[in-house]
């Protein structure tokens, strides 16, 4: 099964709740798919998913993975992938086991198929085989072509009982950025903007201080810490002079990305302060200095080439923070996966119109006086009830 077929299968499972029987019939080599779950198995896999979440924002371009090792219905070891380049979840879990003599009678619950290749660390599948673990329960198959079922086959060849599919939907959703990169060869794209109750993102003179409330703005900084890159256009850079860093929240600063086709943004602005790695995509020049790089792209296929370059830099996700012109570029090209839209209670009466977007409504919630709507691109995922934000 090719990588894109695996991605399609996983996306279908996540979005349409494909039945286990369907998954069994279409899985590579008809792997055993998880039977009706028992309470203990569900409990331990849920714990593994919780552990995996602790790696959010620190493991990219790797996926988040959690692992729990159980003997006689008791957890004897657990771990997660903490940081890119460091030990994987299975290694950390086994290292936490005090009595390794229990491993041959233990079950390993892992949220993603154990790797079967040498990367920055040795194969986790080999480790589980060497420790003679009795049973391995896997939530989701790894869509990386270097793995793609090889981990499962290696475990089975060693006589280990392997089952696949317990909480697969949750595991796929947790790592949707990773699966998007593997399946579409580009970063996961998140659109984000704040708009007034009458549908404007700024006044006619581009002044927008501030539309969303302080709690919403704090949430945005959390999002920045979780994604690999943040992108704005020339107008936002000029009129807002943003720093595009993480403030009031722990975590790394994302790569700053600016679209400035004709290099009209004043180099004295914050984006050029050299404090954070910054890439400027343009039509004029390619040039590099400390923490600042200009990348020249052709007008034809500009967005696709931009995303391809980010992919080559191992950027797993990018959040587009505007302005309206840049957001509309991605919307019109169909190049977005998720949209996060704050609507405030204030009205401008006139100004710069907010983008109009059609997608599947995942959820809405109140953030103090603001309303946050989160949508998914229905053109890229299984058909579902659509919602329009305008």
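Glycine too: its Cβ is placed from the backbone N, Cα and C atoms.
All annotation found in TrEMBL is predicted automatically rather than curated by experts.
For the NADP(+) site, TrEMBL lists 210, 236, 240; matching the candidates 171, 194, 225 against that entry yields 194. Closest to residue 124 (Zn(2+) binding site) in space, going by CA atoms and restricting to the binding-site residues 210, 224, 236, 247, is 224.
Summary: among the binding-site residues (88, 224, 247), the fewest other C-beta atoms within 10 A of the C-beta are counted at 247. When the neighbouring Cβ atoms lying within 10 Å are counted for each of the binding-site residues (115, 124, 194, 244), the highest count belongs to 124. Checking Cα-Cα distances from residue 236 (NADP(+) binding site) against the binding-site residues (224, 244, 321) with a 10 Å cut-off leaves 321, in sequence order.
Under the DSSP three-state reduction, residue 240 (NADP(+) binding site) is assigned to helix.
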